[in-house]
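So the structure is just underneath, and the comments pick up after that.
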Amino acid sequence: MTIRSPEPEVKIMVEKDPVKTSFEKWAQPGHFARNLAKGPSTTTWIWNLHADAHDFDSHTNDLEDISRKIFSAHFGQLAIIFIWLSGMYFHGARFSNYESWLNDPTHVKPSAQVVWPIVGQEILNGDVGGGFQGVQITSGFFQLWRASGITSELQLYCTAVGALVFAGLMFFAGWFHYHKAAPKLAWFQNVESMLNHHLAGLLGLGSLGWAGHQIHVSLPINQLLDAGVDPEEIPLPHELILNRDLLAQTYPSFAKGLIPFFTLNWSEYSDFLTFRGGLNPITGGLWLTDTAHHHLAIAVLFLVAGHMYRTNWGIGHSTKEILEAHKGPFTGEGHKGIYEILTSSWHAQLAINLATLGSLTIIVSHHMYAMPPYPYLATDYATQLSLFTHHMWIGGFLIVGAAAHAAIFVVRDYDPTTQYNNLLDRVIRHRDTIISHLNWVCIFLGFHSFGLYIHNDTMSALGRPQDMFSDTAIQLQPIFAQWIQNTHALAPGSTAPNATAGTSLAWGGSDLVAVAGKVALAPIPLGTADFLVHHIHAFTIHVTVLILLKGVLFARSSRLIPDKANLGFRFPCDGPGRGGTCQVSAWDHVFLGLFWMYNSISVVIFHFSWKMQSDVWGSVSEQGAVSHITGGNFAQSSTTINGWLRDFLWAQASQVIQSYGSSLSAYGLLFLGAHFVWAFSLMFLFSGRGYWQELIESIVWAHNKLKVAPVTQPRALSIIQGRAVGVTHYLLGGIATTWAFFLARIVAVG
């Protein structure tokens, strides 16, 4: 840390009125690119319009203008998010049974969608309890609203209106900061100031505000709800905020005010800031006093972090200095030159952010069931399954996006002359070693993981169960995973003396928690079946990484195409006369990576769905006997491929296949339709461009004969457009099929 003199004067970081607001210009399709602004001559124009509308690099080379467009677009994105949130809250206010769910969350199912009676569609309005007919929703909003202390549909209505106001504000900000007062490039590149503001402001004050809301509003309201008080009798948020005596009735330490804080007797506040661990037995969710404590702690951490970076005052860290000091004995120049990359290539910045956010999203999906954060979430199995699946898919897409933007950075923004012998350069120089080793790992994992299943199927088919890998024959126990589970289960006694339970019941070491005779969470046993499927996870993830990393490391050049950088991020082949050079662009690696990402996530969500139904979810009798939904069949059945097909896919598809004529029939139609969308994708993926061009020319000839030929000349999709349409339908069809399969099943049996 170095001390230096403060900056002499305040720099003006904003340019006034840089771009005219012109509705005439915006009304012209393709106004952002010269070749598109001319209008269509062939049908390829509409595809290029969509491909390039947000590719700001292709509109201009001016980094400042690109930065402003991205910044402005972020406000537009936030506005859309606010509108979406407003819609969610409005449905809760206008079309839902939230208040009756709040009165009886164990018997009433959440619904916030009522289908209009058009051609018999009202069949979809199932009986969700409490005298309400509607579609059961699985987004978890009801549980979130209860946790935040919302007790009436009027409050939801007000929040919905507030979100629309914020959306308007965001749209205005997006326009204002591009057309009226646009930041200069130096402002976007001032990373220390940005780190301080984002860490202290967004994360620090944001967490502090949420902790404050939890302490003053959510905790007392939830305490009263848990005690069975009628929501209409509970004080309103403003009454709790303004009247300390009301709070002191639930949490006595409020009567002492801030004296314990300033006299450092912080333990006085332990009635509303707890460290209990485990789940609240009434709601099956985390103790809200634990989560309030957590957010307060997070706020303190980030408020400190937001004062760490050196700006006008000459003290604190410099990101550039930290990166350049980051050298080791085997790493050459270390991270020298990385700072310049991250302040001039937004693709490089985005790649890192997407990889991090994608990984965090996947971690969130695991925490949603292992540490259910909201009341009555854990016993709403359909919502649990939906939240896990949703966050897994999102995480997968974000990670593929990270590889896409990393490759775009390498093609468009990487300057080899400024990156000599730093870590990035060294990775690119020994890319052959990395990729060939990774390839070997993939082959090893693939043959061995799949081989274990094939062995089991063969032994099963030959009637030799004693020679199978299973918990009752040849055991392959996941001993490391079991050791980790055990360590966490024993932790409260040794590492956290004040905690009464572990971080999650899933680790084991305690009894299950049941709410109204339904299992919220129980210790999750791991055995041979989990060992087998975990190695399939390892295999699919490593193949995904192989494809994506090869795309990034060979994006600029390869032995096959040394001048790949000149061909750009996406190109079909290396020109005429060079056979065997098709489908080698960085874009094609992203395309292939998407399929393996889909494989990876599918195996994960199938594993989760079956494992939870078999070993966790179920009902508890008055005598304490637990009966799981599929009766614990995972350990024996999932050790063969045949078991996955017969006892998971086929057995659990019965609900969606037999859903016709019931309130779940929409899932039956979706199951059918999404299979069709998926199959439609194969038409784009298996046939070549020339086939379609010939067909089109024949059809155009017929139109000319009848003198009804269009002015815009029809063209077959380019190779890349065809593959893009193909992978889109493949993923959408596959995901919607899985969605219908999961929900029809779990809504029926959960």
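Even glycines carry a Cβ here, placed using N, Cα and C.
Here Swiss-Prot flags Cys573, Cys582 as [4Fe-4S] cluster binding site, drawing on sequence analysis. In three-state terms derived from DSSP, Cys582 ([4Fe-4S] cluster binding site) belongs to neither a helical nor a strand segment and is classed as coil.
When secondary structure is read from DSSP and collapsed to three states, His675 (chlorophyll a' binding site) falls in the helix class. Neighbour density for His675 (chlorophyll a' binding site): within 10 A of its CB lie 15 other CB atoms from the protein chains shown. According to Swiss-Prot, the chlorophyll a' binding site annotation covers His675, on the basis of sequence analysis.
Neighbour density for Met683 (chlorophyll a binding site): within 10 A of its CB lie 13 other CB atoms from the protein chains shown. Positions annotated as chlorophyll a binding site by Swiss-Prot, on the basis of sequence analysis: Met683, Tyr691.
Residues annotated as phylloquinone binding site in Swiss-Prot, with sequence analysis given as evidence: Trp692. Taking Cβ-Cβ distances under 8 Å and a sequence separation of 6 or more, the neighbours of Trp692 (phylloquinone binding site) in its chain are Ala716, Leu717, Gly722.
Annotation comment: Swiss-Prot describes 70-93 (among others) as transmembrane segment, evidence class sequence analysis. Within the same chain, residues 54, 56, 112-113, 139, 141-142, 145, 153-154, 156-157, 159-161, 163-164, 166-168, 170-171, 173-175, 177-178, 183, 188, 346 sit at least 6 positions outside the transmembrane segment (70-93) and bring their C-beta atoms closer than 8 Å to a C-beta of that stretch.
The transmembrane segment annotation in Swiss-Prot covers 156-179 (among others). For the transmembrane segment (156-179), the list of distant contacts is 17-21, 68-69, 71-76, 78-80, 82-83, 85-87, 89-90, 92-94, 98, 145, 150: same-chain residues at least six beyond its ends, Cβ to Cβ under 8 Å.
Sequence-distant contacts of the transmembrane segment (195-219) (same chain, six or more residues past either end, CB-CB distance under 8 Å): 147-149, 237, 240-241, 247, 250-251, 272-273, 288-289, 291-292, 295-296, 298-299, 301-303, 305-309, 311, 319. Positions annotated as transmembrane segment by Swiss-Prot: 195-219 (among others).
According to Swiss-Prot, the transmembrane segment annotation covers 291-309 (among others), on the basis of sequence analysis.
With a cut-off of 8 Å between Cβ atoms, the residues of this chain six or more beyond the transmembrane segment (346-369) that come close are 66-67, 70, 377-378, 384, 387-392, 394-399, 401-403, 405-406, 408-409, 412-413, 506, 521, 608, 612. If you look up Swiss-Prot, you'll see 346-369 (among others) marked as transmembrane segment.
Beyond the ends of the transmembrane segment (385-411), by six or more residues, the same chain brings 138-140, 341, 345, 347-348, 350-355, 357-362, 364-366, 368-369, 544, 548-549, 551-552, 555-556, 564-565, 568-569, 586-587, 589-590, 593-594, 597-598, 600-601, 604-605, 608-609, 612, 735, 738-739, 742-743, 746, 750 to within a C-beta distance below 8 angstroms of the stretch. Residues annotated as transmembrane segment in Swiss-Prot: 385-411 (among others).
Among the features that Swiss-Prot reports, transmembrane segment is placed at 433-455 (among others), with the record citing sequence analysis. Long-range neighbours of the transmembrane segment (433-455) within the same chain, counting only residues 6 or more positions beyond its ends whose Cβ lies under 8 Å from a Cβ of the stretch, are 427, 468-469, 476, 532, 535-536, 538-539, 542-543, 545-546, 549-550, 553-554, 639-641.
Taken from Swiss-Prot, the feature transmembrane segment applies to 531-549 (among others), supported by sequence analysis. Sequence-distant contacts of the transmembrane segment (531-549) (same chain, at least 6 residues past either end, Cβ-Cβ under 8 Å): 399-400, 403, 434-435, 438-439, 441-442, 445-446, 448-450, 452-453, 469, 476-478, 481, 589-590, 592-593, 596-597, 599-600, 603-604, 607, 638-639.
Among the features that Swiss-Prot reports, transmembrane segment is placed at 589-610 (among others). Sequence-remote contacts of a segment are chain residues at least 6 beyond its ends whose Cβ falls under 8 Å from one of its Cβ atoms, and for the transmembrane segment (589-610) they are 369, 385, 388-389, 392-393, 396-397, 399-400, 403-404, 407, 530, 533, 536-537, 540-541, 543-544, 547-548, 550-552, 630, 634, 638, 644, 648, 652, 723-724, 727, 730-731, 734, 738, 742, 746.
Residues annotated as transmembrane segment in Swiss-Prot: 664-686 (among others).
Same-chain residues lying 6 or more positions outside the transmembrane segment (724-744) and placing a CB less than 8 Å from one of its CB atoms are 138, 382, 385-386, 389, 393, 591, 594-595, 598, 602, 605, 609, 652-653, 655-656, 659, 664, 667-668, 670-671, 673-685, 717. Here Swiss-Prot flags 724-744 (among others) as transmembrane segment, drawing on sequence analysis.
Per Cα geometry, Tyr691 is the residue among the binding-site residues His675, Met683, Tyr691 nearest to Cys573 ([4Fe-4S] cluster binding site). Long-range contacts of the transmembrane segment (291-309) within its own chain (CB-CB distance under 8 A, at least 6 residues past either end) are made by residues 191-193, 195-201, 203-205, 207-208, 210-211, 214-215, 218-219, 272-275, 316-319, 373. Ranking the binding-site residues Cys573, Cys582 by C-beta neighbours within 10 Å puts Cys573 at the top. Reduced to three states, the DSSP call for Tyr691 (chlorophyll a binding site) is helix. Following the DSSP three-state reduction, the secondary structure of Met683 (chlorophyll a binding site) is helix.
The Cβ of Tyr691 (chlorophyll a binding site) lies under 8 Å from the Cβ of no residue that sits 6+ residues away along the same chain. The CA atom of His675 (chlorophyll a' binding site) is located 13 Å away from the CA atom of Met683 (chlorophyll a binding site).
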